[in-house]
Amino acid sequence: MARTKQTARKSTGGKAPRKQLASKAARKAAPSTGGVKKPHRYKPGAVALREIRRYQKSTELLIRKLPFQRLVREIAQDFKSDLRFQSSAIGALQESVEAYLVSLFEDTNLCAIHAKRVTIQSKDIQLARRLRGERS
């Protein structure tokens, strides 16, 4: 076979493989310890943000119906015994209570942000109620 002259070609910019450090090579060569896999963990705050988005989208009631009904009956007993409630009345009470709590927590969060915090505290709730005129 006749020898042919080789022509010069432009390089494609590929890099030559580099030598691995001894510690990396040792880590790759060593077998994994017992095959125990760590459970997957989300970054701090990621799950909380997902829950916030989920509950902001939803419209269902968040307080369970029967415990709320027992609480209403217990409070009503202090005013008059043997009171009866329509189920629609309990439902209306629960809707209004949850709407009140959501708006209170929104105002409480604003108070915490104003204090340059991200965690709400009892003093934030007290301030929000005081600004609303609910408590002197």
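Every residue, even glycine, has its Cβ placed from backbone N, Cα and C.
Here is what Swiss-Prot says about this protein:
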{"type": "REGION", "residues": "1-42", "note": "region 'Disordered'"}
{"type": "MOD_RES", "residues": "LYS5", "note": "N6,N6,N6-trimethyllysine"}
{"type": "MOD_RES", "residues": "LYS5", "note": "N6-methyllysine"}
{"type": "MOD_RES", "residues": "LYS15", "note": "N6,N6-dimethyllysine"}
{"type": "MOD_RES", "residues": "LYS19", "note": "N6-methyllysine"}
{"type": "MOD_RES", "residues": "LYS19", "note": "N6-acetyllysine"}
{"type": "MOD_RES", "residues": "LYS24", "note": "N6-methyllysine"}
{"type": "MOD_RES", "residues": "LYS28", "note": "N6,N6-dimethyllysine"}
{"type": "MOD_RES", "residues": "LYS28", "note": "N6,N6,N6-trimethyllysine"}
{"type": "MOD_RES", "residues": "LYS37", "note": "N6-acetyllysine"}
{"type": "MOD_RES", "residues": "LYS57", "note": "N6-acetyllysine"}
{"type": "MOD_RES", "residues": "LYS80", "note": "N6-methyllysine"}
{"type": "MOD_RES", "residues": "LYS80", "note": "N6,N6-dimethyllysine"}
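Between the CA atoms of LYS80 (N6-methyllysine) and LYS37 (N6-acetyllysine) there is a gap of 60 Å, rounded to the nearest whole number.
All protein chains included, LYS80 (N6-methyllysine) registers 7 other Cβ atoms within 10 Å of its own Cβ. Take the modified residues LYS5, LYS37, LYS57: by the count of other Cβ atoms within 10 Å of each Cβ, the lowest one is LYS5. On a Cα basis, LYS57 (N6-acetyllysine) lies 35 Å away from LYS37 (N6-acetyllysine).
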